[in-house]
Structures are given as structure tokens and as C-alpha cells.
């Protein structure tokens, strides 16, 4: 049996931009993506701590070291600059593997979006 489990989490990061006219997705500083083991184009779930909204989209790498977190497309109407969000990615794996699997969890500084703990 396979189960879906948390694979990656960027816990409490601040939205720096929102671009309504972009095709879609979330742009994430590539340093954060690497630290959380999230790849370009990967499906992620976004949870907005300010308004409780949840949505799914895919990732686009942003400039390394920039701290950029930009919601693009329709999501820009739901999540706004200054909001604190959690970004999560999931993976399917066999039950026995899932029991011992440890997700990559990153804790950025919400003022700079730089990694302070992982």
C-alpha cells in the first residue's frame, strides 16, 4: 500500500510579490527550494496564515538569495504581499518507507525569507 506524506515544507515565509497577469505558479528563491528539496515545476500546497486560504500550484525557481516569494496568476487575488504562508509538497511512498521517512522542513526568517533553521 502507498500513502501520501509530507515531503517538503517551507514554514512561515513572507509573500514579497503578487503578479496577477502572470500565467500561474509560485516563484520561490532557489535557495529555499534547494533547502526544502522542492524542484522546478513541482506541485505544492500553499496555506495563508493571514486569511486561512489554501491553494495548489506549481513552482518556478526565483533568483538565488533574493528571498523572493511571488504568487502568480489567479492566486494573486487570494494571497497578498506581506502575508505569511506555509509551502508544502507531498510524495507517495510505500507504507513501510513512509513510517521512517523524514521530510525536509525549512524555517526562514519572516523579515528576510533567509533560512535560519532547517
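The backbone N, Cα and C atoms fix where each Cβ goes, glycine too.
Within its own chain, residue 25 (active site, schiff-base intermediate with substrate) has 57, 58, 59, 60, 72, 73 as residues 6 or more apart in sequence whose C-beta sits under 8 angstroms from its own. Residues annotated as active site, schiff-base intermediate with substrate in Swiss-Prot, with sequence analysis given as evidence: 25.
Marked as active site, proton donor by Swiss-Prot: 58. Residue environment of residue 58 (active site, proton donor) contains 13 other Cβ atoms, counted within 10 Å of its Cβ in all protein chains.
The DSSP secondary structure for residue 73 (substrate binding site) is helix. As annotated by Swiss-Prot, substrate binding site applies to 57, 73, 74, 75.
What Swiss-Prot records for 25 is pyruvic acid (Ser). Under DSSP, residue 25 (active site, schiff-base intermediate with substrate) is assigned to a strand (E or B) in the three-state scheme.
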Largest separation between Cα atoms (Å) of residues that the record links to substrate, namely 57, 73, 74, 75: 10
Site of maximum Cβ density within 10 Å, from binding-site residues 74, 75: 75
Cβ neighbour count (within 10 Å, all chains shown) around residue 73 (substrate binding site): 16
